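Working notes, beginning with the structure itself.
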């Protein structure tokens with residue numbers, strides 16, 4: 001007899017093996033709220049462990065969701081001892097790369113002059129997919145710090161990802177980089193001496209060593225991302241045709257990358273049949289539409305954890321509101337017993 005997946009994320013929230021959790025889907029479906037909710041519930045369920053929530057979306061929303069400012073360095077969420085947040089800023093990361101390159105290069109060569117003028121940042125800033133590449137570099141830096149015992153040690157990292165297209169490019173990077181580095185290694189092996197002479201003459205750049213080290217790091221991430229005990233992807237959608245269609249496309253892509261995906265959060269549900277006091281014709285009509293697509297989700301993903309989350313009367317912002325909302329990831333929302341909670345959110349300034 002097949003086991004039926006529970007309609008909650010209790011198993012993931014209490015997981016002791018997952019290092020990487022990605023949360024993603026179509027734009028505007030509640031990805032940030034969902035990633036914040038997962039992070040909060042995991043931190044509450046496992047108080048002795050440390051969790052890090054990273055935004056890889058250029059339109060950062062973590063600061064807005066929690067009502068406090070986060071930046072490129074991890075910082076604890078006020079009121080949570082074991083949950084930190086950070087927002088990767090591609091433009092700041094490019095400036096850091098440029099400044100680092102200036103410091104490492106000979107001040108008398110022409111390449112250094114180019115960098116002094118912000119040449120690297122200007123050159124790379126317009127490359128398609130640079131945001132995803134920089135996000136991936138942050139992952140690699142994080143793994144390296146963990147292995148070397150530097151900084152805060154995090155047991156699980158949760159990613160609040162960009163809309164689907166950006167996320168897929170991000171997840172393709174380990175495979176793409178691995179192939180690229182293989183080719184680059186072959187070229188560097190043949191033309192290494194010539195490349196050294198072109199980069200300033202006096203410096204003996206260990207190109208092959210750098211490439212091999214980068215390849216090893218990329219391969220390590222590939223192995224972790226495709227290990228279902230270490231990495232999983234939580235899809236977020238709303239109960240409408242376009243969102244369902246994009247979720248199916250995302251799941252098929254994730255499976256082609258051999259990445260584990262077995263959870264879907266369906267946001268903004270009205271549950272109008274059980275809310276007679278606040279029901280209206282428009283609410284009932286939309287709920288009837290939502291039920292149609294919920295049935296399709298149930299048929300398509302009968303072996304997934306499908307979590308049905310309510311549409312709240314107010315904004316889900318601030319730690320207290322996020323705690324109230326996130327409890328329904330752990331315990332299914334009951335439209336009758338839990339009805340009052342969605343009308344009792346604190347108003348945020």
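Using N, Cα and C of the backbone, Cβ positions are placed for all residues, glycine too.
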Site-mate of 26, 27, 28, 29, 30, 31, 32, 33, 267 for ATP in Swiss-Prot, selected among 6, 11, 240, 253: 240
Which of 57, 240, all recorded positions, has a Cβ with the fewest other Cβ atoms inside 10 Å: 240
Spatially closest candidate among 57, 280, 283, the listed recorded positions, to residue 240 (ATP binding site) (Cα to Cα): 283
Largest separation between Cα atoms (Å) of residues that the record links to ATP, namely 26, 27, 28, 29, 30, 31, 32, 33, 240, 267: 19
Cα distance (Å, whole number) from residue 57 (active site) to residue 280 (Zn(2+) binding site): 36
Binding-site residues: 28, 30 - member with fewest neighbouring CB atoms within 10 Å: 28
